[in-house]
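Colleague: I have a structure here, written as structure tokens, and I will follow up with some questions on it.
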Amino acid sequence: MRWMKSIGAATIMLVLMSLTLSTFASSHKLVLTGSSTIAPLAIELGRRFESLHPGVRVDVQTGGSSRGINDTRKGVADIGMVSGVLKSAEQDLQAFAIALDGVGIIVHASNPVTTLTNRQIVGIFTGRITNWQEVGGHDARITLVNKAEGRSTLESFLAYFQLKNSEIKSHIVIGDNQQGIKIVSGNPHAIGYVSIGAAAYDAQRGVPIKLLTMDGVAATVANVRNGTYPLSRPLNLVTRLPPTGLVKQFIDFARSKQTHDLVEAQYFVPVSVD
Amino acid sequence: MIWWKHSISFLSASIDRWFSAALRIGALLAALIMLFILLFLLLESWPVLRHIALMRFFTDEAWHPLEDQYNLLPMVTGTLYASSGALLLAIPLGIASALFMIFYATPRTAVLYRRLIELLAGIPSVVFGFWGLTTLVPLINQWHPPGASLLASILILTLMILPTLALTSYAALVAVPKDYLQAAVALGLSRWGMIYGVALPAARKGIVAGILLAAGRAIGETMAVLMVAGNVVQHADSLFAPIRTLTANIALEMAYAMGDHRAVLFVSGLLLLLLVIALTIIAAWFGKTHHV
Amino acid sequence: MTMETHEIKHSTQSVCEQPSTYTLGPLQAGPYCCIPHPVIQVKALSLFYGGKCALDTVTLDIYRGCITVLIGPSGCGKTSFLSALNRLTDLVPSCRVDGTVHVEGENIFGAHCNLQQLRKRIGMVFQKPTPFPLSIQRNIALPLREHGVTRQADIQAITEQVLRDVGLWDEVCDRLDAPALSLSGGQQQRLCIARALALNPQILLMDEPCSALDPIASGVVEELINRLSGRYTIVIVTHNLAQARRIANYAAFFWVKERERIGHLVEFGRCQHIFETPSDPLTAAYVSGATG
Amino acid sequence: MSKLFVNKDKMSYLLRDLTIQVLIYSAIVCVSGVFLWILFDLIRGGSALLSWQFLTDVPRDAGRAGGISSILASTLLVLLIALLAALPISWATAILLTEFISAESPFGRWVRYSLQVLACVPSIIFGLFGYAFFSLYLGLGFSILSGGLTLACMLLPILVSTAEAGLRAVPESYRLSAVALGMSRAATLFHVLLPVAAPAWAAGLLLGIGRAAAETAALMFTSGYVDRMPESLLDSGRVLALHIFDLSMNVPGGDAPAFASALVLILLLLVINLVAMRFTYLWQRKKLNAE
């Protein structure tokens, strides 16, 4: 029976340990979930916030803007990350913009195509154009990478081109931005759309992708900043109730000047409140 | 006077009673979990079951939950294509592996091969998916874009269930009494005659059980398929067309689905569960009626 | 409860030097049995398995200190009868028992019977040797601890004594920690008898204790049974008529009806009577080897 | 004499046997070829990065740099929680079903049937259940605790069925003779049946650990994605299998660490196997010879 005793003792110890640890940890933890566009920035923000407030822990999880809204409503997350303007059904939440970002079309770096018109883009995504030759590229079939239903990047894209998701004839459906970048970087004939910030960040680090010029406007941070790039949206932090305490501190911190370098390092455009 | 300082028999009888009660509580908990899961799937999908006719999940135009179109059929066929394709490939290979280990290989090779298969049985499905994503998909892409396709998911699922099939068939064949085989050899049957006429029929029950187990795993597999299938909701018209399975659909959209969309995902979970329960019932029926 | 009033004395020395309270003769002297005092009284005992009658209304007495053999063809209910005497029939869920069995005047099928006490009083030895897969020492210590003997010194003393009683001590005293399963078949059976003796039972039930052993081991066990008679009341099932004739004081002949497959008691009486002057022609035919 | 039995079909029989032999051998070559290819790929891709430092560093830059120490810690914690929760329940169930109640009783039948169904529930459904039940209703959030409990539900049927099989394989004669010696069921179980059934139980445990360590779908929504060192059981912690998934799906340039992590996961499973087998062996020997 000795082994039973030791298992029993271990169980009790573990329960006690978890209880003490959890009471110790619960009050100083911030949970952020939502948009995969904002997540890399939020991780950096969290890191700096932790260094300024010892004992605080910031956990960031991705999953899409809708998840951010869901989790915030259910109270699983303290702060939701939502890219794009809140819809009318989401007005129960408090939104705080922390940056601006664009949605850009990406292709593999070896693709000779550098610019596409809106008509061409609509043609490609609705399946009327299926070969790169038709838009000035190599003779190869286009592999279309689309985002999964419910992603805010998809919604911004559809709204801008006035398309319905059912019209898009995709070959691969993805979730996070990074997944799209990964697939496009591994497939020379793929085309997709992702957050400009995420794409520029990875392109600069040597991932073989490039952002296409859309209707004559280059997809750059500068063009998002000066408003000439048409497909841009705000990146928001949302809460269920007006923020207080640690949550308020974090949101204020994220919107302050001292984080602009972090925002710019992710190729987003900072918005300032102070 | 050693014997009856005290009688502990009464004590141990009551220990038995307490022990049994504790065990009952444990078993009750175990059984309740299944009810919990079922109850909760029903609860979560109830809102949508109440106002959307059941037929719409099969007759709507397509799967666009945000446009109020909830056709689950392409994902059901995707699941069925992928898992039946994988079974079609894996069953012959698995049984061949088992036969090889028992009847064809030298003892040393057999052990070596079994170790290899056991090692592979321990490889997590996500690693198979990862390998498929980095090796298989680019290969298929060169041949026939886009690469992420029904074919890729069939191949990955095959690799995943092959070790299970090989090991269960092996166990079933090993359990065939040596006397049968000796009698067959004594009657002058050739090797294949003995295998086909005696060994396989005697081991059939175990092999079928293994196949159903593998089928369950193939239908339920999520991540490996999610990684290589392309996840486009459509009826596959060729092996190279991307597909989406029921499980991948849940994994892909659950995190940010809301309202009806979320409830429909639970409906697809329910559907998946029913599919698999049907499989178990078939297995039970098969076990009852078709034993040798 | 009879147990409390019936204080059994157990000496730590050899049994033959200091006989227990109800030992009727020295062990070496062979069977000594002349006081027909019934210790078990079976009245109208019937056994049913799943509603089907297996043994039909048996009534007989088992006398204290004597060896009673149960003989008869296979399937006539001897073993079932034996296991009804210590209520091992409880373990078969479909088994129902009618009638009464009184041990020392107490009905063992009564509601207040303490089963563990009962089985301590009535030891049992099975056809195949059934030592636990533990060490020799622990095989004997385990049931002792269970019945409240916890002092290590007591356990050691009892172990040595019962092993001496079955003549196993000299063979194993230097390897008490060896696995019991490493013993030979005959040794294992003697260990099982020792294990039963360690609880100081009044009655020993033996279900063909020699039939799984080779002739030499069988002879050793038979001689042991002979030595134990007098000190213990022994009920033994055997197919070996010669053996039965050699060791028994009383014999009960069971027969099975051809068509209904129902076992019943044909004749019960002193050994000499059954084997030499049976009153039933069936018995006569069986003991002469003409049937069965 | 023997000419009598040589008929003209003999050749075709030989041909058939030969064809089948060739088919089987080519299947084997195929299977082992592909599997060796996978193993070779994994080892080649992962061995470059694999080092002591990789195991002891925390992941940096979304896992592209640094190591996997925090991932390993989360994995082990999730496993521990899952086993601690699942083992008592499942072993109790197995013991009850084999030793205490008849398989035909309504309760026994109901429990058994529930477990049978539970065994074929896909892991993603456990994920859904765990997310809604443990994370939301019980308010555990995305945490190692809710992940571990979800896994525990998933492990139950495997652990029960293997433990049950182990107990059923114990010869009936042990039970009979233990009962005949007047031993209580509990004592019979602990002293006689469990030592005999131990290897089967350990095998089931290993199977469970293997399944749990490889699980991704059930943990996606429950224990979460956070790749930092967990400080309490209520923190989110990313497990190794999910790390591999994330690196390969969502991190451009994450292939090399994904290969290395996959290699670590496989090695981990191997080591768990070996250690547990050794442990069982020793335990059984001790049990056989002690006192």
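Glycine residues also receive a Cβ, built from the backbone N, Cα and C atoms like all the rest.
Take a look at what TrEMBL says about it:
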| type | residues | note |
| --- | --- | --- |
| TRANSMEM | D:20-40 | transmembrane segment |
| TRANSMEM | D:71-98 | transmembrane segment |
| DOMAIN | D:72-276 | domain 'ABC transmembrane type-1' |
| TRANSMEM | D:110-134 | transmembrane segment |
| TRANSMEM | D:140-162 | transmembrane segment |
| TRANSMEM | D:200-221 | transmembrane segment |
| TRANSMEM | D:258-277 | transmembrane segment |
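How buried are these features, and what lies next to them?
Modeller: Within the same chain, residues 55, 59, 108, 111-112, 115, 144-145, 147-149, 151-156, 159-161, 163-164, 166-168, 189, 201, 205, 208-209, 212-213, 219, 223, 227, 229-230, 233, 237-241, 243, 261, 264 sit at least 6 positions outside the transmembrane segment (D:71-98) and bring their C-beta atoms closer than 8 Å to a C-beta of that stretch.
Sequence-distant contacts of the transmembrane segment (D:110-134) (same chain, six or more residues past either end, CB-CB distance under 8 Å): 93, 96-97, 103, 140, 145-147, 149-151, 153-154, 156-158, 160-161, 215-222.
Same-chain residues lying 6 or more positions outside the transmembrane segment (D:140-162) and placing a CB less than 8 Å from one of its CB atoms are 74, 77-87, 89-91, 93-94, 97, 115-116, 118-119, 121, 123, 126-127, 129-131, 134, 200-201, 203-205, 207-208, 211-212, 215, 218-219, 221-224, 226, 230, 233-237, 239.
Away from its own ends, the transmembrane segment (D:258-277) comes close to residues 41-43, 45-50, 54-55, 68, 71-72, 202, 205-206, 209-210, 213-214, 240-241, 243-244, 247-248, 251 of its chain (Cβ-Cβ under 8 Å, at least six residues beyond either end).
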